[in-house]
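Engineer: Pasting in a structure now, in structure tokens, and then I'll have a few things to ask.
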Amino acid sequence: MTATLALTEDLIRRRSVTPADEGCQAVLETRLKALGFTCEAIVSGPDDFRVTNLWAVKRGTQGTDGKLLAFAGHTDVVPTGPLEQWNSDPFEPTHRDGRLYGRGAADMKTSIAGFVVAVEEFVKAHPAHAGSIAFLITSDEEGPAHDGTIKVVEALKARGERLDYCVIGEPTSVDTLGDMVKNGRRGSLSGKLVVKGVQCHIAYPHLGRNPIHEAAPALAELAAEVWDQGNEYFPPTSWQMSNIHGGTGATNVIPGHVTIDFNFRFSTASTPEGLKSRVHAILDKHKLEYTLDWTLGGEPFLTPRGDLSDALSAAIEAETGVKTELSTTGGTSDGRFIAKICPQVIEFGPPNATIHKIDENVEVRFIDPLKNVYRGVLERLIA
């Protein structure tokens, strides 16, 4: 069994359902300290949602004047769902048909193990490496993400810590290892809209105001609106409704209000304030009586082609023969926080077809090549 596979299996055995870490970071800390890393635990969150974060750094011969390459990842995993639907224990790594099964196999314990072993090999080969290496690991990525990476970033920013490059181990590949990496992500802006009416008997509509009827034309306009055209890196901004709640459950009562949940996934071609203003203008045009609460989940971020993307692309092609595609599709990630203190942030990991699913798995044939790609990035940027 290879070192990467062994560490991956060790991490999968730990039932680290968010925000639990279940000793994953202690395993990493032991191995990193043996390499000369300085490790710092940053614990945050209320007693009923305690989050464990690890910041570990090893300075190169150039000290703080040299480049710093960080790896960011999360030890927490999503819940398993119905255990009876799994073909094996989700927390007992199991091999079938060339695949390693277990919760977190793809998202993202294989990536964490791969980078740790890559660093072990790199430090052994280059004990006097010029640049610095860091790990930013959290147990609050799959949850609300209020006390995870964002808290570490705040602490690093407060003391003036500079990151030059960051690789996030998210599972970005699609059909084969290395066919896609993420060099940015769209922003996320959510709204909870409550349109008010006047409740009454459905047979006497003149005695009330139906908020569903009043809201419908505005919702149709919002759904049809072209928010922007996107740009060379991002698709056009998308507005989608996720939930509509209205009525008492009775079929003879016009409701007093209707609640609509919606979300923007927006590109760098739009801003949160600009989107908010346009939504309010449409609602006001339809003369609705409403309240609207906004939640900004994250700003979009983008890493144009540069040292990090070039090094990663070259490492992928050297190991796999695949020419990778830079993409900004998909949901948000902790990159939205890290981009505030790091100019070059890229996500790369194994194929994502089974993440968050029953029988999550990773193909064993990709595990050590993933590690080799990570080592290739280290060799190209900080040796």
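Positions of Cβ are set from backbone N, Cα and C atoms, glycine also.
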Engineer: Return the residue out of His74, His201, His206, His213 that Swiss-Prot annotates for the same Zn(2+) 1 site as Asp107, Glu170.
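Structural biologist: When Swiss-Prot describes the Zn(2+) 1 site, the candidate it includes is His74.
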Engineer: Have a look at the binding-site residues (Glu142, Glu170) and report the one with the fewest Cβ neighbours inside 10 Å.
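Structural biologist: Looking at the binding-site residues Glu142, Glu170, the Cβ with the fewest others within 10 Å is that of Glu142.
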Engineer: Neighbour count first, Cβ atoms within 10 Å, every protein chain included; then name which of His74, His356 tops the list of binding-site residues.
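Structural biologist: When each Cβ's neighbours within 10 Å are tallied, His74 tops the list.
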Engineer: Go through the recorded positions Asp76, Glu141, His356 and tell me which ones have a CA within 10 A of the CA of Asp107 (Zn(2+) 1 binding site).
Structural biologist: Asp76, His356
Engineer: Spatially, which candidate from the recorded positions Glu141, Glu142, His356 is nearest to His74 (Zn(2+) 1 binding site), comparing Cα atoms?
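Structural biologist: Nearest by Cα distance to His74 (Zn(2+) 1 binding site): Glu141.
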